[in-house]
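Visitor: Could you have a look at this structure, given as structure tokens, before my questions?
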Amino acid sequence: MQQKTKLFLQALKYSIPHLGKCMQKQHLNHYNFADHYYNRIKLKKYHLTKCLQNKPKISELARNIPSRSFSCKDLQPVKQENEKPLPENMDAFEKVRTKLETQPQEEYEIINVEVKHGGFVYYQEGCCLVRSKDEEADNDNYEVLFNLEELKLDQPFIDCIRVAPDEKYVAAKIRTEDSEASTCVIIKLSDQPVMEASFPNVSSFEWVKDEEDEDVLFYTFQRNLRCHDVYRATFGDNKRNERFYTEKDPSYFVFLYLTKDSRFLTINIMNKTTSEVWLIDGLSPWDPPVLIQKRIHGVLYYVEHRDDELYILTNVGEPTEFKLMRTAADTPAIMNWDLFFTMKRNTKVIDLDMFKDHCVLFLKHSNLLYVNVIGLADDSVRSLKLPPWACGFIMDTNSDPKNCPFQLCSPIRPPKYYTYKFAEGKLFEETGHEDPITKTSRVLRLEAKSKDGKLVPMTVFHKTDSEDLQKKPLLVQVYGAYGIDLKMNFRPERRVLVDDGWILAYCHVRGGGELGLQWHADGRLTKKLNGLADLEACIKTLHGQGFSQPSLTTLTAFSAGGVLAGALCNSNPELLRAVTLEAPFLDVLNTMMDTTLPLTLEELEEWGNPSSDEKHKNYIKHYCPYQNIKPQHYPSIHITAYENDERVPLKGIVSYTEKLKEAIAEHAKDTGEGYQSPNIILDIQPGGNHVIEDSHKKITAQIKFLYEELGLDSTSVFEDLKKYLKF
């Protein structure tokens, strides 16, 4: 199924779900991004010359979508106050940053969205959509199908690829780094590939073949960050394009995917807590869809298919965690669902993959990774505990019924390949060079006791040869919203910090999803303060166990993680020296009371409805970062915001920054002469995408800020960063 279940589980929190097999990014509602782009850069030369030698023709019927442009002319970043003298090593920093920013563009390539179909592999090479024979996929021998520059977009990349069943057509969704707008192009495959059509603002899309051997493209249309409409289209001599489903409830969104065996196309209608699935027969796609189970508040379910049976991952029944059930495809209603497999307590289902004779579950149990292999013939279960250093899965595109490949990674260790072979019943590890980080660093699984006695898991990294950890700098990371896990995929800048002696601590607080659905439920709505208490307990526990001290402790958060980070700055600023926030959500109350914002209704079950519920309003007032700013000492804070971010509007971040500076100035006045005010920096970046690529400039600016605030020498760290960015 290649990530489809993972995307389903994440889509419970997302408003623009993107489907599996194409390894694309998922976009959250107002405030978060599920899978950042950290794994999308690799070292490889573009082949632009060859790419442009075979430019495809463009049909006159195809619609070119105009490019979007943005301007910062009317927006000025807030200046840094109380600037400190430049450190002696500033020349070294500037030199390295210049090197990073001026690396030849052709040396870096977006990791290909790669799809295997028939005897070909379809992927992006430079600025082009290409395909090559499977056995030649690693060579330069490929056929150019479409030049992305024809769309006149700024630095476009392919986000998803779908190939029609008989390879007459290929559809590709194309977008840019600085915008969430996308274009789906349809390419007719022939000796001279032609762009048949293009559709703007497509979210999910899938191909099926009808009874007359005609390819039918189903796709969802996104409007104002909402995805409510489903269309189907045909091409060639019998062109059609019609809308056949519209979701009327604005709190729900719609996305599509095929079951792994392509037997059914599923229409998934869902919000944060409830889902409904309709089936379209892959053999007769013009027939009306069949409802599996009408939406029931609080019941989530996802559907896969094998041998005329539906396998349903659902939270129905007790306990209210995900479990696997099955039923005959011709009797899909909930009263016919039979329990097939249950998860242990404190278990998160990360992904599910269906094979001919096996079902593979990728799990996180008590903050450790497992793979469960279920034999569908005899209901046998084989549970494999994965290496303790592993913190994240990367699912691999796979159509081989004999093997289940995947990758494991951690924030400081690049992905490593593993393959489970069903015949041998064993897990095989990629052989070759062993990463030295395995010997030079340690990973610890710790727990902190929160205010109410709940044990909160933490994942901690540090160098094995570090002496006196209490004197080492500490970087804490938090999220705690939407039931989404902290992102723990490989990040070169995190590895560089550990190499330079830093301690990294990932705090898996309530509101996230690390311990299952209940862990999320215990940190949303009127339980949001649990997440804040958890974060406070984690930092105090780390200090109590000898990991760093407040004067060397920093905190970082992205998007909705800004709620807990900002709240901690208000309630316990003495625990922190410096904070970095990226596209942070900081004004919960005013945002959730503004129903004109496109995603407010979809967010009600996460934050509450302060417009109609006084209890929710008063509770949000109690923790909202913007509402609780007061004259006191604050840690230094570096905020990165994006000019046209539709999910976290710039206006709210600017208001927060101004109010914070006023409070700091008032506190400084009351404190008197000699008080050293913290630095508050607002870095406004151009662009309208909530999911901005981690540029060298942004990474180096954030690390520079942390080193300066802690008074550390950053000479070596930037040289190391340059090296690791070439992984």
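Positions of Cβ are set from backbone N, Cα and C atoms, glycine also.
Relevant sequence annotations retrieved from Swiss-Prot are reproduced here:
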- S559: active site, charge relay system (ACT_SITE)
- D645: active site, charge relay system (ACT_SITE)
- H690: active site, charge relay system (ACT_SITE)
Visitor: What's the CA-CA gap between S559 (active site, charge relay system) and D645 (active site, charge relay system) in angstrom, rounded?
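Guide: Spelling it out, the Cα of S559 (active site, charge relay system) and the Cα of D645 (active site, charge relay system) are 11 Å apart.
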Visitor: Would you identify which of the active-site residues S559, D645 has the most other C-beta atoms lying within 10 angstroms of its C-beta?
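Guide: Of S559, D645, the one with the most crowded Cβ is S559.
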Visitor: If H, G and I count as helix, E and B as strand, and all else as coil, what does DSSP give for S559 (active site, charge relay system)?
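Guide: Reduced to three states, the DSSP call for S559 (active site, charge relay system) is coil.
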